[in-house]
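Just below is one structure, and these are the notes that go with it.
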Amino acid sequence: MNIWDNILLALQSLRVNKMRALLTMLGIIIGISAVIAIVTLGNSMTTSITDSMSSFGIQNVNVSLVEKSSTNTSEGMTSIRMFSKPSYDDEDLISNQMIDDYRKVFSNEIKAISISENLSQSKITKNQNTATVNLVGTNSDYQIANNIELVTGRFINQSDMDLEKLLCVISTEFAEDIFGTSANAIGQTIELTLNGFSKTFTIVGVYQYDSNGQVMSSSSITTDCYIPITTAKKYTNSQAGYSSFTVVANSEVDSSSFLKNTTSFFQSYYTLNDSYTVSASNMESMLESMTEMLSTITLAIAAIAAISLLVGGIGVMNIMLVSITERTREIGTRKALGATNRNIRLQFIVEAVVICLIGGLLGVILGIIMGSIGSSLMGYPATTSISACIISVVFSMSIGVFFGYYPANRAAKMDPIEALRYE
Amino acid sequence: MNKYPIIQLDHIIKRYFVGKPNELEILHGLNLKIYPGEFVAIVGESGSGKSTLMNIIGALDRPTEGEYILDDIPISKVKDTEISHIRCKKIGFIFQTFNLIGKLSAIKNVQLPMLYAGVSKKESLKRSKELLELVGMKDRMKHQPNELSGGQKQRVAIARAISNNPTLLLADEPTGALDSSTSRSIMDLFHKLHQEKQMSIVLITHSQELAKETERIITLKDGQIISDCKGEGYHEHLG
């Protein structure tokens, strides 16, 4: 009596009680499909976030001012702090001098230093067409750090910066909305509002707008309009230094030691500053902490879903106990015909495992379907984890062994005389 | 008659609830020898100890006292794990209620003891077909038990019982659930196996009629053998 005979026998007995078998499997199916669906969703989100973050440039190092009390928090958290805007005194800010020194010291490692500052939104009306832009003051390296692809014209250069010129670089969306085509926009002028004052800017370049998968009606898109940061500083009367900037390292540079050196370089300026210091972080570390966070959440939810597997397992145990009671005479007969306790035990364990295996497989299929639907509804590409599927199926089989063992052992230990007499 | 018995019961005592106030002694020191090729009927009224004796002979139960030797094996000294193998190879059980496995076809039922004995699938299938042909069930091999009549079920059960060439065929009221004409055909089949295959058969019955056509009739009463006499035999009985 080998395993295969037992599997066939188990399938036969499941066929006799189809409805019962299905209901028994339901707990396992729900448990496994929930786990698979959640893992699939989590994976899809992680992949999607990783992809979109990598497009920002994994080699970029963000250098930003942080409060001294918060230096102990993780790098990911300090990076997130960039988005809020605390008020700094002039001496707290990173000065042009510091950046120039830094550029000299690390000249072999630095590819670009990008400085930018978000200004106000500005509404532009020209030839009866209206569009809204985010004004961003940038330096010439901003283009390299942010992978900005120019369609026509040029980006802001160092001389524009030095001379604080009234120039701007606009998006293809904006150019098409206002001027019809990108080529038409070059050399045209637009009125931009800076700090309440209207100024006339000349368009020198048009960059390719990347919607990054966002779906909006094209007329309502607000795109970035880049102007020299020195010009922006001049007309907004803002402070001379910067609270943050981005460094692009050369691709052959070891990112972790570069990160460390950058941090210690800037921190040396802030040893005497009571309130602020500088923290450097790169996308890699941010990505790591975000991926870690996401997978922890996924794992936690999956663990909760796994509780239904426990319930499913108890259901299997229950039905196996019913089954052996119903089949007491059969067990007695088998023993009289020469089945050993081991034969009987194996028969019922295999039956429980087969129930769980079928349930597990159905659960995996259902989970993949649910996960894929969920991901596509949320706008992410579905990424099913093969290892999660295999682990789930193996896990459900081990549930079968675990919860099938007790009933099977009870069947194996039945007294054949009592079992044969059972009505 | 051969000199060495296949079954030897020496002073067999069976008690239930040993050491408890309701201790009950069913068999009171039975002695019995059955020789190869014998067709023996054990008769007795209900409560006489027939079933208890059958369980002991069939190695389903162990005596409280005394020694039981089956085909030179002292059953009392055999471990529990080995006793299954002994049942599998030495004894063929036939029950009043047939006890075929409901989900398995006739041929699979016959195959079952051979699979437990470790016979290969191919070999067991071949032998199952031969046996079903022998008991006249060649046309119904693929049928499930619920598609068979009582007599047909018992024929399948007999084929199953002899599948491992047992030393002893142990039949507990094999015609108890059958009408008289079907009973007759089943008894004829037992005689056929006895005469053609020289099988040793122990038939447990309460029917004196059936007992008469065997070679030897052992009568039990209150847990003791009260008579052990020669039966009329098949031909004499029919003649």
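Glycine is no exception: its Cβ is also placed from the backbone N, Cα and C atoms.
TrEMBL lists A:22-257 with the feature domain 'MacB-like periplasmic core'. The domain 'ABC3 transporter permease C-terminal' annotation in TrEMBL covers A:303-416. TrEMBL lists A:21-42, A:299-325, A:346-373, A:385-406 with the feature transmembrane segment.
Within the chain, the transmembrane segment (A:385-406) has long-range Cβ neighbours (under 8 A, six or more residues past its boundaries) at 28, 31-32, 35-36, 39-40, 43, 309, 312-314, 316-317, 320, 348-349, 351-357, 359-361, 363-364, 367-368.
Summarised by DSSP class, the composition of the domain 'ABC3 transporter permease C-terminal' (A:303-416) is 99 helix, 0 strand, 15 coil.
This prediction places the mean pLDDT of the domain 'ABC3 transporter permease C-terminal' (A:303-416) at 91.
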